[in-house]
Amino acid sequence: MNEESNMGGVFKEEEAQSGDVVDFEGDSDTHNPQNWPMGKKVYTTALWALTTCWITFASAIYSAGTAEISEEFHVSYEVANAGTSLLIFGFALGPMLWAPLCEVYGRKWPALAPYFISAAFAFGTATAKDIQTILITRFFAGVFGSSPISITGGSIVDIWTPRQRGTPMVCYGITIAAAPTLGPIIGGAFIASGCGWRWTEYLTGIVMMVQFVLDALWLDESHADVLLTRKASRLRRSTGNFSLHAKWEETSPTFKSLLSTYLVRPFQMLLDPICLLLTIYTSFVYAILYASLESFALEYGRFRRWGPVVSQLPFLSLLIGCLFAAAANIFNNIYYGKKLVANNFKPVPEARLPPMMVGGFAFSAGLFLFGWTSVEHVSSPWPSIIGVFLTGVGFTTIFQSSLQYLVDTFTRYSASAIAANTFVRSMAAGAFPLFVWPMYEKIGIDWGSTIFACISVLLLPAPFLFFKWGYRIRARGEFSKLSTY
């Protein structure tokens, strides 16, 4: 598809608005992404979700081959395991660059160009001749592959109205949770079949390249300011009226100024109690998701002596828990929709929190159950697998509700709030796999999981606090007071 078809056809000269400011023309203007046909909105959301899915899949599939990498290159397991952590650390740094790029050049190519480079680095990992190459290529695969992670949320906001976007955001969010649970299972199958760890990376590069081609062909630009700027430029050429312009061109932020904003403001927002507390909570549950890469391998692989594929199957229980929680979040959108209508279609952040309030208890219970039904205490694996399911339920409800609450609370500053959240949670998730294995070996899965469960209990009051006093807290915040209307 060319850009003209992406824009929905040739612009008409009479589309220029009064005052020489070019804008969309109401609900009938198909150039406005929020007026796209439902089918186009659905497949666009699906493409963005899959694009994000494969890079989060890449973050986890590597773990299945860690032991082989350690043996082949004669390094410790901890050094080989750093390949997982370095890619996730790349997730923390990349959005600081890609987010401002998308504000200047739109959503599509600032996401896809780095994504292509990330896929190339996956092939670099697959053909590596030493451990240094593996670690370097994994890190840069994370930096460049993080582009859709930082941009997809904005794309969904571009094309769905506030009342509609709850379900698409849940469906997108589940890809962040589901892909890391499938990665170890598929990776374990490659290892068990004798293909070796390199084919886990070849597979990653192949699926990312295929996704890149699909996106290049079928994804359309959706950033309203960029679309209106292009429209104004086209009208200036066709009419000769060079005073025509988009509202966004009156300020024309540069990439340098946006880079400064995206580097500084996210850390300023961490001083806000809402952003800080929810970032701590989401970072912890996200880190536990990646800690599972090690804890499951230890519990089901080493201690229960299951094979390389079977030992990864408990991730299916985690996935089922995530899907169950996603359904609960979608159901909560009915409640949210009623609150939105009652509030004159202005966001009601606190209406996002009920799933999180319940899910927090499931998360804590799951961690306790996993730890105290480990092989040292219970011979049957099923109680611990039920604990894994509850952990999945809790993770998804906490993660998705928190991000939706941040978007509704910080409105025009939501991108910075999400950037701060992404940075902190990625740093935490990258760090956990480095120490979970030695910690569990030293104090046991039971006490290790108990420590994590106790931390989660300390965080339980957060959604209740914001549900009751969130409006007052928002009204006092420099960045959140705009959501109090």
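Just so you know, glycine gets a Cβ as well, placed from its N, Cα and C.
Among the features that Swiss-Prot reports, transmembrane segment is placed at 42-62 (among others). Beyond the transmembrane segment (42-62), the same-chain residues lying 6 or more positions past its ends with a Cβ under 8 Å from any Cβ of the stretch are 36, 83-84, 87-88, 91, 111, 115, 118, 122, 125, 138, 141-142, 145-146, 148-149, 152, 155-156, 159-160, 168, 171-172, 175-176, 178-184, 186-187, 197, 200-201, 203-204, 207-208, 211, 214-215, 218-220, 222, 290, 293.
The transmembrane segment annotation in Swiss-Prot covers 86-106 (among others). Using a Cβ-Cβ cut-off under 8 Å and counting only residues 6 or more beyond its ends in the same chain, the transmembrane segment (86-106) has close neighbours at 58-59, 62, 114, 135, 138-147, 149-151, 154, 221-223, 225-227, 253-255, 258-259, 261-263, 266, 290, 415, 419, 422-424, 426-427, 429-430.
If you look up Swiss-Prot, you'll see 108-128 (among others) marked as transmembrane segment. Beyond its flanks by at least six residues, the transmembrane segment (108-128) meets 51, 55, 58, 62, 83, 94, 98, 101-102, 134, 137-138, 140-148, 151-152, 198-199, 201-202, 204-205, 208-209, 211-212, 215-216, 219-222 of its own chain at Cβ-Cβ distances under 8 Å.
Taken from Swiss-Prot, the feature transmembrane segment covers 139-159 (among others), and the record attributes it to sequence analysis. Same-chain neighbours of the transmembrane segment (139-159): 33-34, 36, 41, 44-45, 48-49, 51-52, 55-56, 58-59, 86-91, 93-95, 98-99, 102, 107, 110-115, 117-119, 121-122, 124-125, 165, 168-169, 172, 176, 208, 222-224, 403, 407, 415, 418-419, 422, 426, counting only residues six or more beyond its ends whose CB sits under 8 Å from a CB of the stretch.
Marked as transmembrane segment by Swiss-Prot: 172-192 (among others).
Taken from Swiss-Prot, the feature transmembrane segment covers 199-219 (among others), and the record attributes it to sequence analysis.
All protein chains included, Asn241 (N-linked glycosylation site) registers 13 other Cβ atoms within 10 Å of its own Cβ. Taken from Swiss-Prot, the feature N-linked glycosylation site applies to Asn241.
What Swiss-Prot records for 269-289 (among others) is transmembrane segment, and it gives sequence analysis as the kind of evidence.
For 306-326 (among others), the entry in Swiss-Prot reads transmembrane segment, with the evidence type sequence analysis. Sequence-distant neighbours of the transmembrane segment (306-326) (same chain, 6+ residues past either end, Cβ-Cβ under 8 Å): 64, 170-171, 173-174, 177-178, 181-182, 184-185, 187-189, 191-192, 289, 292, 296-297, 300, 355, 359, 366, 381, 384-386, 388-397, 400.
Here Swiss-Prot flags 353-373 (among others) as transmembrane segment. Beyond the transmembrane segment (353-373), the same-chain residues lying 6 or more positions past its ends with a Cβ under 8 Å from any Cβ of the stretch are 285, 288, 295, 299, 321, 325, 328-329, 332, 335, 383-384, 386-398, 400-402, 405, 445-450, 452-453, 456-457, 459-460, 462-464, 466-467, 470.
As annotated by Swiss-Prot, transmembrane segment applies to 379-399 (among others).
The feature transmembrane segment is assigned by Swiss-Prot to 417-437 (among others).
Annotation comment: Swiss-Prot describes 447-467 (among others) as transmembrane segment, evidence class sequence analysis.
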### Message
Please report the three-state DSSP label of Asn241 (N-linked glycosylation site).
### Response
coil
